[in-house]
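Undergrad: Per Swiss-Prot, FMN binding site is recorded for Pro7, Met8, Glu9, Gln68, Lys139, Asn200, Gly201, Glu202, Gly224, Arg225. According to Swiss-Prot, the feature site 'Interacts with tRNA' maps to Arg35, Asn95, Tyr176, Arg272, Lys274, Tyr279, Arg295. Feature annotation from Swiss-Prot assigns active site, proton donor to Cys98; the stated evidence is sequence analysis.
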Amino acid sequence: MRVLLAPMEGVLDALVRELLTEVNDYDLCITEFVRVVDQLLPVKVFHRICPELHHASRTPSGTPVRIQLLGQHPQWLAENAARATALGSYGVDLNCGCPSKVVNGSGGGATLLKDPELIYQGAKAMRAAVPSHLPVTVKVRLGWDSGDRKFEIADAVQQAGASELVVHGRTKAQGYRAEHIDWQAIGEIRQRLTIPVIANGEILDWQSAQACMATSGCDAVMIGRGALNIPNLSRVVKYNEPRMPWPEVVTLLQKYTRLEKQGDTGLYHVARIKQWLGYLRKEYIEATELFQSIRALNRSSEIARAIQAIKI
């Protein structure tokens, strides 16, 4: 089976990709989105989102990285897709699933689910602009406020010439509510298409991964939030390994505080470590205790000292 690390805006940046791919067995990472509006973006934008471009589009441990674009105008999606791959990205992905109100308000992400023709035009333009040996992929949800158009959306992706499709098993309106996950609908899409379909949503451990694959028939999954709850989740999902012990999680957090974020104003680790602990608290009681001990700290140096001082 293949396990992909999902794009999570504001969460899974290059530093976290470096940490997670070092202790996992991911087949591919997708970057946070590059927002495309009405221009060909400067090279520095791609390097900021995906510094792995300087290293053959791979993380330090060797996992391939693919740039994701977010936008609605086929011409500019195409030009920026061409630039991304010319810079070395291992293919390019189109975001048609982000449920953020800000993103949707500007006509991007899940808003495209309302107009499958626009998905078709965007993906087709990207496919034409990218060398044929490189993948052009698309990530969608089941629909905007219902799944009534899921086949129309999936057909648009395949007819555009996309290499594969990632389907998050909820509509935009359903957000991330666990009770709404619909792996069966992903399976219906998989049966309809001839291109590979990758299942996404509520894959949080070995059992849920097995259930998802059995229900959907997919042999590849993409994991997002769960990868932060359990830092070695790809190995749990692939090999039924136990979750990472807390002392190893601490070691990972300690390494995180030592990594330098380019352009950091001093607040990067403050926000990101507190955010990560919020995910870890779902699996590790010790993370709750650590969060309480640092929640009042507002300087990176203070948080780094507190985490480095943990005895493991």
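Numbers here mean position along the shown chain, with the first residue as 1.
Every residue, even glycine, has its Cβ placed from backbone N, Cα and C.
Distances, neighbours, how buried they are, the whole picture for these features please.
TA: Non-local neighbourhood of Pro7 (FMN binding site): Ile30, Thr31, Glu32, Phe33, Gln68, Asp93, Asn95, Lys139, Gly224, each in the same chain, at least six residues away, with C-beta under 8 Å from its C-beta.
Neighbour list (Arg35 (site 'Interacts with tRNA'), Cβ cut-off 8 Å, at least 6 residues apart, same chain): Leu70, Gly71, Gly108.
Asn95 (site 'Interacts with tRNA') falls within a strand when secondary structure is assigned with DSSP.
In sequence order, Glu9, Phe33, Leu70, Asn104, Gly108, Gly109, Ala110 are the residues near Cys98 (active site, proton donor), counting only same-chain partners six or more apart with C-beta under 8 A.
DSSP gives Tyr176 (site 'Interacts with tRNA') a coil state; it is part of no helix or strand.
Around Arg272 (site 'Interacts with tRNA'), the same-chain residues six or more apart in sequence whose CB sits under 8 Å from its CB are Leu15, Val16, Tyr256, listed in sequence order.
For the recorded site, Lys274 (site 'Interacts with tRNA'), the DSSP three-state label reads helix. Around Lys274 (site 'Interacts with tRNA'), the same-chain residues six or more apart in sequence whose CB sits under 8 Å from its CB are Phe291, Ile294, Arg295, listed in sequence order.
For Tyr279 (site 'Interacts with tRNA'), applying a Cβ distance below 8 Å and a minimum sequence separation of six or more within one chain yields Arg225, Leu228, Asn229. In this structure, Tyr279 (site 'Interacts with tRNA') is part of a helix by DSSP.
The secondary structure of Arg295 (site 'Interacts with tRNA'), as reduced to three states from DSSP, is coil rather than helix or strand.
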Undergrad: Any idea which of the recorded positions Glu9, Lys139, Arg295 has the thinnest Cβ neighbourhood at 10 Å?
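TA: Per-residue Cβ counts within 10 Å for the recorded positions Glu9, Lys139, Arg295 bottom out at Arg295.
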Undergrad: Taking the Cβ of Gly201 (FMN binding site) as the centre, how many other Cβ atoms fall within a 10 Å radius?
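TA: 30, counting other Cβ atoms within 10 Å of Gly201 (FMN binding site).
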Undergrad: Using a 10 Å radius around each Cβ and counting other Cβ atoms from all shown chains, which of the recorded positions Asn95, Tyr176, Gly224 yields the largest count?
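TA: Neighbour-count leader: Asn95.
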Undergrad: According to DSSP, which kind of secondary structure is Pro7 (FMN binding site) found in, if we only use helix, strand and coil?
TA: coil
Undergrad: Looking only at Pro7, Met8, Glu9, Gln68, Lys139, Asn200, Gly201, Glu202, Gly224, Arg225, which the record lists for FMN, tell me the maximum pairwise CA distance in angstrom.
TA: 21
